[in-house]
Amino acid sequence: MNAQAMDPQQYEQQLEQKCQALTEAFAHYNPPALEVFPSAPAHYRMRCEFRVWHDGDDLYYCMFDNVAKEKVRTDQFLPASELINRMMPALLDELRPNRALRHKLFQVDFLSTLSGEILVSLLYHRQLDDQWLTEARALKARLGEHFKVDIIGRARKQKFVLDRDFVVESLDVDGKTLHYKQVENSFTQPNAGVAVKMLEWALDATKQSSGDLLELYCGNGNFSIALAPNFGKVLATELAKPSVEAAQYNIQVNKVSNLDIVRMSAEEFTEAMKGEKRFNRLGDIDLQSYQCNTIFVDPPRAGLDDETVKLVQGYENILYISCNPDTLNDNLKVLSETHEVVRFALFDQFPYTHHTEAGVMLKRR
């Protein structure tokens, strides 16, 4: 965190600097004009985590300032959603006088939604007992008078859930409301407003598509579910078990009938597509029955490995969302040998930081 950088009056200037840097970094690919999708300048983060500082009878949140190299008391947090900012003092007011709940509490995580749900995770440097559970239930009841809240208690090899370890987000995407189960400790897009813009951009970029879609790294089905109407069938892969389970829930709740998700890594899927190895996890799915003209990838910061780049290169259309423009640039050195960039976008998921989310649509030359 850089506390001095979080000034809404400076937001446009910071965004312009990101746009200029991204445009210059990718100029040699001769992309079309950069499409820019800004964030709200405040209250855009749906999830946050704070350390908890004990000072006598007082108890407060703190974060580490990377520039000043010191902890900063954080009673309110500008980037956090308004719901998180309302919950922050309400929770502390309950915790301060309650020894069972505050004893050796060292961190609080918040996961909120635009739909009004919030999940609070309390992390401890001690084992949790029946007294903690009793007090936590009472805490949930009191907070529940003002919030739609669930609580999780975590300690080493312990996890108590009151009553759910997930929230259900509702996003209005291109005139349609999509519902997403988001599980604690699983990846979700932190900036819901920009996440909607990313989904709408991806929908627009693929609206003239034919055939089927393959997605690697699908998470909870965030993109697959939104993009499904643009394709005959969608096949998606994800390795993390909680994300796969959430994706299956999301498929059902959104009534998507043309999407299958398999629990495999991108590397394993590459082996399966080449026929090098048969995976029982594929079940009855016949890979050869898919006519995937388009592939969608949203890889981790490390980007695509060499074998996956070769796999991706075999598709006519490539939609690539990147949380690390440096590794996107590396991957494009190979992909640009066979494909050209026809859409180029910046999504400002993380205002007031150097992080930039980029999107490119490539078509075979």
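Keep in mind that glycine also has a Cβ here, set from the backbone N, Cα and C atoms.
Swiss-Prot names Q189, Y217, N222, D298 for binding S-adenosyl-L-methionine. Of E200, E238, E307, the residue it gives for the same site is E238. Cα-Cα distances to C323 (active site, nucleophile) place D298, E357 within 10 Å, out of the recorded positions Q189, Y217, N222, E238, D298, E357. In the three-state DSSP scheme, N222 (S-adenosyl-L-methionine binding site) falls into the helix class. For Q189 (S-adenosyl-L-methionine binding site), applying a Cβ distance below 8 Å and a minimum sequence separation of six or more within one chain yields M46, A195, M198, N222, Q349. Of the listed recorded positions E238, D298, E357, the Cβ environment within 10 Å is emptiest of other Cβ atoms at D298. In sequence order, F187, E215, C218, G219, N220, G221, F223, S243 are the residues of the same chain, not among Q189, Y217, N222, E238, D298, whose CB sits within 8 A of the CB centroid for the S-adenosyl-L-methionine site.
Cα of E238 (S-adenosyl-L-methionine binding site) to Cα of E357 (active site, proton acceptor): a distance of 20 Å. E357 (active site, proton acceptor) and Y217 (S-adenosyl-L-methionine binding site) have their C-alpha atoms 16 Å apart, to the nearest angstrom.
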